[in-house]
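Notes follow once the structure below has been shown.
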Amino acid sequence: MSHKRSAIAVLAGLVACGLTVPVSGTATAAPLTRTLPPDRAVTLFTGDKVVLGGEHEVTVLAGKGREGTRFSYYSDERGDIHVIPEDARPLLRADKLDRRLFNVTQLIKNGYDDKTRADIPLIVSGGVGLAKERDLPSLNASVVRVDKAAGLRTFAAADKIWLDGPVRASLDKSIPQIGAPEAWNSGHTGKGTTVAVLDTGIDATHADLSDAVVGAQDFTGSASGVDDRDGHGTHVASIITGEHAKYRGVAPDAKLLNGKVLNDFGSGQESWIIAGMEWAAAKQGADVINMSLGGSLPSDGTDPMSQAVNRLTAETGSLFVIAAGNTGGMPPSPGAADAALTVGAVDHNDALAEFSSRGPRWGDNAIKPDITAPGVDIAAAKATNGRIGAPVDPTHVRLSGTSMAAPHVAGAAAIMAGIHPSWTATEIKSALMGSAKPNPSLTVFEQGSGRLDVAKAAKQPLRSAPASINAGVALWPHHDDEPIRKTVRYHNSGSAPMTADMTASIRDPHGNPAPAGMFTFSSPSITVPAGGEAEVVVTIDTRVNGPDGFYSGVVEAGGVRTPIAVDREVESYDVTVNFIDQNGNLTPESEIRFVEMDIRKAFIPDNPTGSLVARLPKGRYFVDSGVDDPGNRITLQMEPEFVVSSNTTLDIDARKGKPIGFTVDKPNAKAGTAFFQFARKTSWPGGTGAGFLWPNFDGVHVVPSQTSAAPGQFTYTTQTRMAEPDGNGGFTTSPYMYHLNHDVDGRVPDSLMVRVRDNQLARVRSEHGTTAPGSLGARDSIVTRPLPYTLDELYTPDFPWYNKFSQQSSDGSPQSSTRTDTRRSYKLGPVVTERWNFGVFGPAFVPQPNTVNTSAARAGDVMLFNFGLYADHDLRRTGASNDTGSTTLYRDGEQIGTEPWSGYGLHTVPAGDAQFRLHIEARNQLEVSNKVVVDWTFRSGTTPAQQALPLMAVRFAPAVDARQRVSRLIPTVVPVHIDHNSGGQARSLSVQVSHDDGLTWKAAPVVNFNGKWFTVVSHPSSANTVSLKASAKDADGNAVDQTIHRAFLLK
């Protein structure tokens, strides 16, 4: 029977010095990001699985029926890794697919990994042949779920597919701070208005919210219904309309709609939020809709939630008040929407909160947020079943975030809607922004128009349209700029005409006043009739000499503030790019990415015709480009340092591409994988680059670079593993395997075929054991043979390699896997022998150079455990089996949480120092180590940064044969090693042995000779198996008790 090689590949991630060469699996990778735990898998909606492994290398397994699929990847300017199947690239170019679908870093961070969920939720416009979960009329789209095991086969038929992305809640003095009591004294309390709170639900039984909730619906499918089991929504609701002597809401007489769009842990999906928005606006007719939530990445305002905000605002008149986000960076969706009133957070002194997201908006540099409000240490209602917040009293807690700022503004909007029931959302937004109180030390990109002042808004008769002005970009050079003219219309809702002087308070990019004459008005003053309107034209003359960059500030008339900004473009040039196919014709089947290496910004211009003009600031760029040709051919061109200092042209010409690959002494050797990578260092840590993984080098052409980088700044890498094919698409009979790597510094060379001689390579004889009859063993996802077997391996010497082994049943079902967790290099010289898959198998902690070991770690008060319990005897390796089991954490004897997997857990623990116990059980169907039970006890306290937890693992290495056996006729000397996850040294060790599967135990002698531990085990003649139990303790009292049933066999 022929066993075809699985379509597995490994891509590279980022390290501090830039993208590094992959080295295992068919190609492996170095650290992707230190914040991601190892061994996390996420299956893309295409059915292709991406796995993060040792030191966070990334392995790609093509989905069923997609064997041979070619993958590319790139690291974006944030350091996120995107893994893209070849058949998705044209649809990404056509903007038919959401790029987040392939952002592996964010998918795993946001809970789309395979351990967390078995499907991928999508928002789809157009048909894909799957059952709809719900319709989203505001987007003309529907929600579907793709089973990861099956993947989506017909995605090309859709008009647009978005990830149904993650959304989270954006986490006594504040009410007077915004002038609410003054508004109440004038009789303005929000009476007659309705505010929808789209959040984690509302505790309608709370005394502060008695009779406030007039409608509710759950969009999350939570077992708790519309009740708030998190606490965020109740806190937000009471800021809007709470009735309490001390903690009164902004609009105490407004009524509430409870739209539960976030689950009991404060998270949700975009489709839940959009469905809630449609319910609140289109079906319930809410005057104001508060959304103290947001996505995880900056948005340009064209994402699904932002589109829904804009459309529903226009169709229903509801005002969406949305938190700006708590990242300190650019606002995410849905706060990026044009129509949203986006709210940043300030403290009680009107200083901007450190966490408050700020503009400009990603993509077009528009002004966001629009306004600020108090959001630091806000006391409000505690949900009866809530779990968040610092207690103030039994029924109130304190929270901070733009989540707390937004409901202050929503309450103020309800007051304005009560005063002016005929006003539109746009008019209320303008009135609140125009009356805000500025902090002179902040820019409009930080505070919008300023801090909310509802008392002034309730009295001020003037308002402007638009509420803010984005004057766009004035292209460099500026001596011939056309003046930019923007009309501002003022409306007077008062009973008397108003005359006001026009003033402008604008800062240049350095914070100094804008030069005289750059901002002028068509009239020095304006008179607005009672109940009428008047216009003034603001002229922005960027020909006036001044520094290049953003000019921002406010235009003011009669106390009405209108934020304004213009980009006086820095020195920039037009770069014309022509994409030329093999026939010499322009082709749109191509793409390019410019990464500015000094300002951490990427430019990906559209290419509808095969020729484009990219407008780029003067600077140094890494260029990543390619042309797809018919016949399964791709031509890549990478420029290590493309300098933009004038208008220029760059031809990406497929006719100049050259084939790449390796030739070796063995004439029948063929590539089992082809990995090629372009890694560029930048001014920021991590660098940038691009990489490609194909089953072989067929069809790959690369254009020698026209530019070069300084030594050590750019590396072109080709890498392969080669073996002898079996004629059936696999390598099931190959007696050898090549591991070849070739690096070129500074540029892509003219010669791209690499000739390697066997005598230039390090040689290794590798033995591969078995733990189950009839099993197959796969080395580095290339050679797959019946076990046991021996392999001759040839390595590029003095290069750090990662290697892997996996065992599977005869039908391909996984049984176990082992990998090197630290790089190993090989030297020229005598043949080296290695043994793979030889026991004893058990838990392991392999030190990670220059980084915190994330196998078991604590960051603040969050603990992560993520490790396997089936590492073989080699101290450089970790491993896991296809097991069942559980992981349970205890703190001072009280259970914190349990997970239905062995070796994995993510737990938030109470602050402070305590004694912990971690209990793990794992069972499998293999012949050895079929049951592993481990208890760790250790002390841990709150950490200021991520720290490894002091766990130990006892590892045994008897001289077993390839079937995990030793002779029962003589005592077995068993070397023992104790792994330490966080350093340290074992103080004591004891070992017990059982020959009846753990029914009875007896002590085994333990000796320490020259710092190395040994035990000796004698065997009864009737015994067939040996089980081992070990207990170890370090100098700090941390301990491990581990039991390995059937550790090895007897013969």
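The backbone N, Cα and C atoms fix where each Cβ goes, glycine too.
Keep in mind it's a predicted model, so treat the numbers as computed, not measured.
The active site, charge relay system annotation in TrEMBL covers D199, H232, S403. Annotated compositional bias 'Low complexity' per TrEMBL: 806-817, in sequence order. Here TrEMBL flags 190-450 as domain 'Peptidase S8/S53'. Look at TrEMBL and you will find 805-824 tagged as region 'Disordered'. TrEMBL lists 1-29 with the feature signal peptide.
For S403 (active site, charge relay system) paired with H232 (active site, charge relay system), the C-alpha to C-alpha distance reads 8 Å.
The Cβ of D199 (active site, charge relay system) lies under 8 Å from the Cβ of A169, D228, H232, G233, V236, A237, G259, K260, V261, L262, N290, M291, S292, L293, each of these being in the same chain and 6 or more residues away along the sequence. Annotation note: S403 (active site, charge relay system) sits in a helical segment as assigned by DSSP.
Note: the region 'Disordered' (805-824) comprises 0 helix, 12 strand, 8 coil (DSSP; helix = H, G, I, strand = E, B). Note on S403 (active site, charge relay system): other Cβ atoms within 10 Å of its Cβ, all shown chains, come to 31.
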